[in-house]
Amino acid sequence: MRMSKLYKNKEKENEKPSNEPPIKQDSLKRMSSKFLGNSLNSFDLSGKLEQVDEYLKKYPFIIEFGYKLGIKPSYIVVFGGSALFISLVLGWGAALICNLVGFAYPAYQSFKAVESQGHAETKLWLTYWVVFSLFFFIEYLIDIILFWIPFYYVIKLLFLLYLYMPQVRGAETVYNYIIRPILLKHEKTIDDTVHKISQTATNHLNQFTGNIAEKLVQEGVRRRNV
């Protein structure tokens, strides 16, 4: 009996209301809406789009294209970027997009650098092609593994842009800190190997062409005698 009374008294003590006032649902809603409003105000979407429109004035063809469609140029960039991202994620023409970014644009810029005879720009694009060639070779060797990496084409596109974007010039960083030290260390070995291979190939080619020429001469002599 005493134990049951003690147990009941403890239950009553636990059931006593606490002195702390409960948080009302209305106050929670106001707090959440205030937080959301502050977040949206801190990220001024219209202001960001206006900045994009201002930047796109450097590219008249985008301005003209937007004027024909009846929309702001920033919308074209947003829609185009979204479509590009979806294509890369789903693999729709992802290889073509990466080839355009990795081959076509750098090739045209290399042409402009050569024609302008600008030493700095020519060096930049030569550096890019050295890094890109190594990247292409490694990609070819481990293509089966790369197939299973999620969002690989997105990563590849960002890496290619990183290599030649003027704001970062990533190709120079990769070349100076990774490729250049390795090539300088093994330059003599590489040169000797290339020289031996080219000399061997030249000897085999000369021997092959010599055998063909000899057979042609013998065939000509045989036909004359007939």
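Glycine is no exception: its Cβ is also placed from the backbone N, Cα and C atoms.
As annotated by Swiss-Prot, compositional bias 'Basic and acidic residues' applies to 8-18.
For 1-25, the entry in Swiss-Prot reads region 'Disordered'.
The annotation topological domain 'Cytoplasmic' is assigned in Swiss-Prot to 1-72 (among others) on the grounds of similarity to another entry.
Here the topological domain 'Cytoplasmic' (114-123) has no Cβ contact under 8 Å with any residue of the same chain six or more residues outside its ends. Marked as topological domain 'Cytoplasmic' by Swiss-Prot: 114-123 (among others).
Among the features that Swiss-Prot reports, topological domain 'Cytoplasmic' is placed at 163-226 (among others), with the record citing similarity to another entry.
Per Swiss-Prot, transmembrane segment is recorded for 73-92 (among others), and the stated evidence type is similarity to another entry. Within its own chain, the transmembrane segment (73-92) is flanked in space by residues 49-50, 52-53, 56, 62-63, 65-66, 151, 153-154, 157, which lie at least six positions past its ends and keep a Cβ under 8 Å from the stretch.
Taken from Swiss-Prot, the feature transmembrane segment covers 95-113 (among others).
Packing against the transmembrane segment (124-140) from elsewhere in the chain are residues 102, 106, 109-110, 113, 146, 159-160, 163-164, 169, 171-172, 174-175, 179: each is 6 or more residues past its ends and has a CB under 8 Å from a CB in it. Residues annotated as transmembrane segment in Swiss-Prot: 124-140 (among others).
Beyond its flanks by at least six residues, the transmembrane segment (144-162) meets 85, 88-89, 91, 94-95, 97-98, 101-102, 132, 135, 168, 170 of its own chain at Cβ-Cβ distances under 8 Å. The transmembrane segment annotation in Swiss-Prot covers 144-162 (among others).
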Within the topological domain 'Cytoplasmic' (114-123), residues counted as helix, strand or coil by DSSP:
8 helix, 0 strand, 2 coil
DSSP residue counts for the topological domain 'Cytoplasmic' (163-226), split into helix, strand and coil:
57 helix, 0 strand, 7 coil
